[in-house]
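Only one structure is covered here, and it is reproduced in the block below.
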Amino acid sequence: MGFLWRTRSNEKKITPVLSWPESEPESEITIPPEFQCPISIDLMKDPVIISTGITYDRVSIETWINSGNKTCPVTNTVLTTFDQIPNHTIRKMIQGWCVEKGSPLIQRIPTPRVPLMPCEVYEISRKLSSATRRGDYEKCGVIIEKIKKLGDESEKNRKCVNENSVGWVLCDCFDKFSGDEKLTFMLNEILSLLTWMFPIGLEGISKLASATSFRCVAGLLKSTDDSVRQNAAFIMKEILSLDETRVHSFAVENGVAEALVKLIRDSVSSSSTKSSLIAIYQMVLQKPEIASEFLEIGLVSITVEMIVDAENSVCEKALAVLDAICETEHGREEVRKNALVMPLLVKKIAKVSELATRSSMSMILKLWKTGNTVAVEDAVRLGAFQKVLLVLQVGYGEETKEKATELLKMMNTQMKLMSDCVDSLKEFKYIKKPF
């Protein structure tokens, strides 16, 4: 049956409205004002006291504070501290009242979990660090499982864990045991935790970028388990963000290119596709010679097909990858061969995002500067001139506008050449042309 909830100013009356008329209506249930949260005017499930002495439901007051408010909603007094103390007395009274009413409309509120405190996180971190130094992987596994459970309980717990440097300790633990194939499950659990702990700092990423750690992440990237591959792709993206030659050499040695392209081709998830594209972009940007490896496994055609109907965040990353590929001669040749490229580049200008617009214009410029005037003619015929003019009129950054200006000059020159060519054909306008 369905119910409608009617709210009055100082108290809340719950009046069930039955979904079929033949049933007898139940009696009204009035929530006592002292059990209502002053913010939501709803029954408090986790009552807490703030510095002004007023009791609120924890979720409501946290939302209020996280929105930037620094005063008590009731008294309008500036809060001296944002600490929230559980009001056990009110909670027990509410629980007793729920049981006393014994109505299906009112369920007994469960005893809320005590929020995670920084001192607890510090102790967890200390124990994990100690077990890692001793090489006690069993103890590490127990602590890792505890961190996982805490993170699953609430977003607030995750925030507390992130703010107390657990990420670095987990990276150290991963590096310590990354060479042991028997501990693959535990190592993947660490990567799974790290996906919600970034940024973890340069020191932590450096631990993951060691030779043994990198080899382990690359191995997990080739797993048959999609969730494992997704975690590994996210971590690989972060490792490759390091501007270090050795890291990109590790990528070549461990067959990372093929694993990333396979992950994109398999369409495991939007997040894994984005992580893979960012990782590929970083690899090609830092080590252009690796582009040939990506070209051999069909990256251009896969990326172009993706751009056709991908969501904006994926589309802009795919365009950035193609732009990086066009830095090499072999890459430009492969891009020219694909008939879809130029129509897509023109279409995405001023449509997806500034990054996508800049990447599209950059690719057209690269193709023209290397002697491909046909590409520019195609761009002009497809309406690129008008779209690039639009780029100069909207609020894009200086770098984007500079590319737009350069591209306009180039297209203007090409349009004049095309116009002269058309004029020279006027003398043949009376010659009958076969269909």
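The backbone N, Cα and C atoms fix where each Cβ goes, glycine too.
Among the features that Swiss-Prot reports, domain 'U-box' is placed at 30-104. What Swiss-Prot records for 202-241 is repeat 'ARM 1'. Taken from Swiss-Prot, the feature repeat 'ARM 2' covers 245-285. For 288-327, the entry in Swiss-Prot reads repeat 'ARM 3'. The feature repeat 'ARM 4' is assigned by Swiss-Prot to 329-369.
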Composition by DSSP (helix, strand, coil) of residues within the repeat 'ARM 2' (245-285): 35 helix, 0 strand, 6 coil
Distant-in-sequence neighbours of the repeat 'ARM 1' (202-241), which means Cβ under 8 A and at least six residues beyond its ends: 167-168, 171-172, 174-175, 178-179, 184, 187-188, 191-192, 194-195, 247-248, 250-251, 254-256, 259-260, 263, 266, 268-269, 271-272, 275-276, 278-279, 282-283, 286
Other parts of the chain folded back onto the repeat 'ARM 3' (288-327), taken as Cβ under 8 Å at six or more residues beyond its ends: 248, 251-252, 257-258, 261, 264-265, 270, 273-274, 277-278, 280-281, 334-335, 338, 340-341, 344-345, 348, 352-353, 355-356, 359-360, 362-363, 366-367
Mean of pLDDT values spanning the domain 'U-box' (30-104): 89
Secondary structure tally of the repeat 'ARM 4' (329-369) (DSSP, helix then strand then coil): 33 helix, 0 strand, 8 coil
